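Shown next, in structure tokens, is the structure this report addresses.
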């Protein structure tokens, strides 16, 4: 070895011999050091998520529009700005914690108000007001120490000065003098605007080339000349010129560097082209899922709602609709910029999105939801994922878009993972069609939309065949050998179980959902109304609260024992437990006076005395029916609103249709004659001395609220929506195979796959005539079976 050091070798052996836990700690620390700037970004964003104020809003915006866009890394000026700003913010927050400020006297009243000015600014009085700011400052100083250790803290000034010395006139002529022209423009503008000011521009001299040296000398001569004129006594004119020039200088001093920063970003000298669109799309997809399942966090009065219940009631929440449309719109725009490969458009979109998202999340959303952003966990999660998207977008802008976009990102490899992910991607409704149309709109091509879709479909089909052929090469099957049992029982058995589950899923679901996961639906009110012959009701009574009693285990066992020989009754009772049965104890005295008119009263008496005529008695509880045996003892309260007697418990020798006595009570007092009816049940199971009625209510279990939308369709609805729909897809897989043999059984698809890739490649390079020729060749190939056979033969 050329460079050998015994001490370094001993040190390496020492570290290798350390415990794994200590090595893990070393690795984590090295990772932290290597990505110290990401730690600073994370702490700054976390501080802003928790504080959510105007004071903490500045640094996140600077991160996404300055730090992450800087090439190759953020400058010393940014880190100094972040450090000084954090220190100033700590001092300001500390100063406003004193109690003599008026808004600090009513902290408990104003702490949850999102539009309270101190809360918006970030100067409210609270516990731990500066904890995260101190952590942020510690992270910034940690990163500063790392840069100093590696000699990168003062690298910017040295690098700029050295680069200026190395530039030559020949280089400027070859590159078109882009930087030279911009520097000269700055020199001329500043020279014209600040004629009467003797001032030096150390920041801008670093960007000026040799060609602009003359303009600098002109500026210095003019400045010195104006200074000599000022000594001659023209003080008033010089003062006006100096004031105007100073204003222009300060304006240009802010505007020109910003303009030059974005100009260099859009027109870089070099770019490490990369493609992180897939990661940006995944971040947007995660945000989309957060919106769907947490949409209530973006509305005012929808905190207790869920999207399934809202949609099942044919209601589309406004907050959900707005958030989904905005999120989907940004995804479409991002796709368009990616296909057009326009960095300028991406920069403009990044600026608009950064300012728009921060303004909406921290100034509009708290007013809509009437709660602070720091109290909205779902919104915080959405914002954090959006910050990841902003970081990826900045990285894409800094590196530049790829020059060629070929195919789907899932088609880069030919394995089972890519195969199943790609097929899952194609199963999402309208996603494949939307992507194909968008690609056609924003890609230069001579193909029509139908031809474009044809190429996409052929490419997808060939890619799937290529994956299967590669899997056959990796796991070959020798000729003349039967399939292994592992394959047959593994794949075939899984398909058999899956098909059986699909066929019997509705019955299994409806059987288990209420018996296993069902919730007892106790009655809250039991009402009885009795009417004689259609006249004024003679009895109305309700049982509530304490009058609705539960059976204990002893009473329930005795109840079951009374039906020991009745098979039908026992079969019915198997589906109920003691918690499902409610005993309603209704008062025998009617809770309303009998207010019948005298003529109707006389007519009713005549009808009751005439034994040869029929006189109906109507008992109402949730249904109305003419009673033959007067009183049903057991009533079933199903999950719907219709209650009915239980026939299994009311037939045969165990019939419990109970008779009741009806008597009219007349009370004569100074206030007049008052009448009401009294009912008493003769065969009560739990006997009481007072006149009363007993009623057993069997309550069916109901499905949990989370599965109610699915159970509400019933068995037939589930069969129609699940079994038949899935069965259609399964039938398409098993039928029509003979018609696709020509296009499915292709031994080698490499040539066709290369032809599709060539079409994508010439389209990206702008060879549109060649694109038409290759497309015609592809169509001819699919029209000619003989040529297809030649093209798909195995290579020899």
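Using the three backbone atoms N, Cα and C, a Cβ is placed for every residue, glycine included.
TrEMBL entries are annotated by machine, without manual review.
Look at TrEMBL and you will find 213-227 tagged as compositional bias 'Low complexity'.
As annotated by TrEMBL, domain 'Piezo non-specific cation channel cap' applies to 627-794.
The region 'Disordered' annotation in TrEMBL covers 155-180 (among others).
Taken from TrEMBL, the feature region 'Disordered' applies to 205-227 (among others).
The transmembrane segment annotation in TrEMBL covers 14-32 (among others). Listed as Cβ neighbours of the transmembrane segment (14-32) (distance under 8 Å, sequence separation of 6 or more from its ends, same chain) are residues 39.
According to TrEMBL, the feature transmembrane segment maps to 39-66 (among others). Long-range contacts of the transmembrane segment (39-66) within its own chain (CB-CB distance under 8 A, at least 6 residues past either end) are made by residues 32, 74, 78, 81-82, 85-86, 89, 92-93, 119-123, 132-133, 135-136, 139-140, 142-143, 261, 350-351, 354-355, 358, 362, 366, 372-374, 380, 383-384, 387, 390-391, 393-394.
Proximity of distant same-chain residues to the transmembrane segment (78-96), defined by a Cβ-Cβ separation under 8 Å and at least 6 residues beyond the stretch ends, is recorded for 40, 44, 55-56, 58-59, 62, 66-67, 70, 104, 118, 122-125, 129-130, 133-134, 136-137, 140-141, 143-144, 147. Annotation source TrEMBL lists transmembrane segment at 78-96 (among others).
The transmembrane segment annotation in TrEMBL covers 276-299 (among others).
The transmembrane segment annotation in TrEMBL covers 319-338 (among others).
The transmembrane segment feature in TrEMBL is assigned to 347-369 (among others).
Per TrEMBL, the feature transmembrane segment maps to 381-401 (among others).
Sequence annotations record features per position, and here TrEMBL assigns transmembrane segment to 413-429 (among others).
Residues or ranges marked as transmembrane segment in TrEMBL: 449-468 (among others). Listed as Cβ neighbours of the transmembrane segment (449-468) (distance under 8 Å, sequence separation of 6 or more from its ends, same chain) are residues 407, 411, 414-416, 418-419, 422-423, 426, 432, 436-437, 439-440, 743-744, 746, 749-750, 752-753, 756, 759, 775, 778-779, 782.
Per TrEMBL, the feature transmembrane segment maps to 489-513 (among others).
The transmembrane segment annotation in TrEMBL covers 707-730 (among others).
The recorded stretches the transmembrane segment (347-369) and the transmembrane segment (276-299) share 3+ CB pairs below 8 A when only pairs 6 or more apart in sequence are counted, and are therefore in contact. Remote same-chain partners of the transmembrane segment (381-401), defined as residues 6 or more beyond its termini with a Cβ less than 8 Å from a stretch Cβ, comprise 41, 45, 49, 60, 64, 68-71, 265, 268, 271-277, 279-280, 283-284, 286-287, 290-291, 294, 297, 338, 341-343, 346-347, 350, 353-354, 357, 361, 373. When pLDDT values are averaged over the domain 'Piezo non-specific cation channel cap' (627-794), the model yields 73.
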